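These notes concern the structure reproduced below.
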Amino acid sequence: MPDERLDGENAAKGLTGTMPATSQIRNFSIIAHIDHGKSTLADQFLLKTGTISARDYRAQLLDGMDLERERGITIQMHPVTIYHERNGVRYELNLIDTPGHVDFSYEVSRSMAACEGAVLLVDASQGVQAQTVANAYLAIENDLKIVPVLNKIDMPAARPDEMIAEMEQAVGIDGLDVLRCSAKTGMGVEDVLDAIVDRIPAPPGNIDAPLKALVFNSHFDSFKGVVVYIRVMDGTIKVGQKIRMMQGAREFTVTDVGQFRPSMVSCGTLSAGQVGYCMANIKNIEDVRIGDTLTDSVNPTDVALAGYKQPKPMVYSGLYPVNNNEFEALREALAKLKLNDSSFTFTPESSEGMGFGFRCGFLGLLHREIIQQRLERDCDLDLVQTAPNVTYELLLTNGETRIINNPQEVPDAGSIQEFREPFVKINFLLPSDNIGDIMSLCADRRGTYVKTEYLSPTRAVLIFEIPLSEVIFDLYDKLKSITRGYGTMDYEFMGYIPGDLVRLDVLVHHKRVDALSIIVHRSQAERRGRKLILKLKDEIDRHMFEVALQAAIGARVIARETIAAIRKNVTAKCYGGDITRKRKLWAKQAAGKKRMKQVGQVEIPQEAFMSVLETDD
Ligand SMILES: Nc1nc2c(ncn2[C@@H]2O[C@H](COP(=O)(O)OP(=O)(O)OP(=O)(O)O)[C@@H](O)[C@H]2O)c(=O)[nH]1
């Protein structure tokens, strides 16, 4: 087979695109813990291979979204094709970037299915972290070849030998295979590129077989429609070809095929082993299922690829517009967001106290925060968000099993046979000095100890089984503060386990505020109820009448507080006739009240809805 075949159709169109033989392609991703330098290394790859010029170099090109750049976290994948010469041969390398946060680990497994290898990037001053271990195992399970790299060796705090020993211990790699580089200065980056070519196998695949391509992501472009990210496994895909999504069973005609370099560049054809995009006048993002197999409709492949499982939201919360007439605007904004984030879900709901809004499902708390920020930034809506909760499973006395994601949906205690909550297996990677503190933290949170493993005399892996609801509260923040930032965690879902759970209601001025209801373990109900009421007392302003706050389980009130009455007249001091001054003060007061919800006669601020979350003593 010739090394490089000029594609006839492209040549005819005057396009200079060439189709490399699969032996000259390498597909890989980078596995790294957050902040270990993945985006910086990816940028170096672009720079070193001349994909972008130093002039165009803009830090973290691959983190396309503003918000991502601002927060410095990669959320969605942006693949990129680069060319690297090794021993006189030009290789096409496709990098599929992956995020490093626990909430987005499903994105990592998506990108792995499109690769034959992964660069395992570890910060030389921080060492292996929980997420790195989890993702490295995932890669090994997926038969990916691991290229271990120690980054940030330019830092004075770098301890390469120690960290390599940790990598050997934690992931079971050979220390001699570990490359050293600095993504910041560019030192050693060429060696990493060489190792990608030398160590990662070329993609398998038969260029003459019927088209079989994996859909590993997609995005919606308001001008072009849906852009489908594909990895071609067998055959070729060309402009004009009739294609079919095997799960979705819809047919389309390809209008454009190209690569990310790093912006989208048409190339007319992609063949076995290559990574790129295709467009086919697909108007609706729902028609494209991530993990689906794309094939030729005339000459289809007979076996579809094993798809991914759609990630299930684990954390839910209600989102309400402050002004009820902004409901439609909120619906539109949510629909727009969903276009590019299939893991986010929303369904309309109404709450007696809050009016009309949506129940939204997120992968985790960070995901939730990001969505809220995007909404506020992109559509100028004032929103009130209720405290998050996890999904529960109920076995009812009539034998029915019901999944609920909203405390309001919990039926009478009499009709529940078993109340089950999600449990996760959580791994902490932390300094050994902190083991005791984290153990007692987990014990307080109803965790069950599993085991401890030492990576080195100073660092250990601690494993617990714990209810997810206890994790989403503030476990991550607690871990960070106890370990002064050195501890990390990762968790995987185990299943639903029965527990003695009850719904705790909150009554404000004798009216149940359903958005403040929470599901708690009975043993914690009284303590949580009391704390919650005290917190609410701080958050809710005094009104012109006395406001009673109560926490109750069913009809039984377990805590009560009262907010005394007051009349607050902000313009009282502006005696005299200057109406403009008064107007200014009124305007200021109104702005301060923006994120308030009127429940009955009482105004409840956003903070009050979130206070349900806090568990601090
Ligand atoms: N000194 C030094 N700093 C580096 C090096 N590589 C990356 N950094 C810095 O480390 C920080 C994190 O780098 P990023 O590339 O954003 O990390 P990341 O792994 O992509 O993070 P996520 O996108 O959040 O997963 C940035 O401030 C970089 O400038 C390096 O080799 N040496």
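Each residue, glycine too, has its Cβ placed from N, Cα and C.
Pulled from TrEMBL:
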type	residues	note
DOMAIN	23-204	domain 'Tr-type G'
BINDING	Asp35, His36, Gly37, Lys38, Ser39, Thr40, Asn151, Lys152, Ile153, Asp154	GTP binding site
Which of these binding-site residues (Asp35, Ser39, Ile153) have a C-beta closer than 6 Å to some atom of ligand 1?
Asp35, Ser39
Determine the minimum-neighbour residue: among Ser39, Asn151, listed as binding-site residues, which Cβ has the fewest other Cβ atoms within 10 angstroms?
Ser39
Three-state secondary structure of Ser39 (GTP binding site) from DSSP?
helix
Same chain only, sequence gap of 6 or more: which residues have a CB within under 8 Å of the CB of Gly37 (GTP binding site)?
Leu121, Asp123, Asn151, Lys152, Ala183, Lys184
Run through the Cβ atoms and count how many others sit within 10 Å of the one on Asp35 (GTP binding site).
15
Cβ packing number for Ile153 (GTP binding site), 10 Å threshold:
22
Could you give the mean pLDDT over the domain 'Tr-type G' (23-204), rounded to a whole number?
84
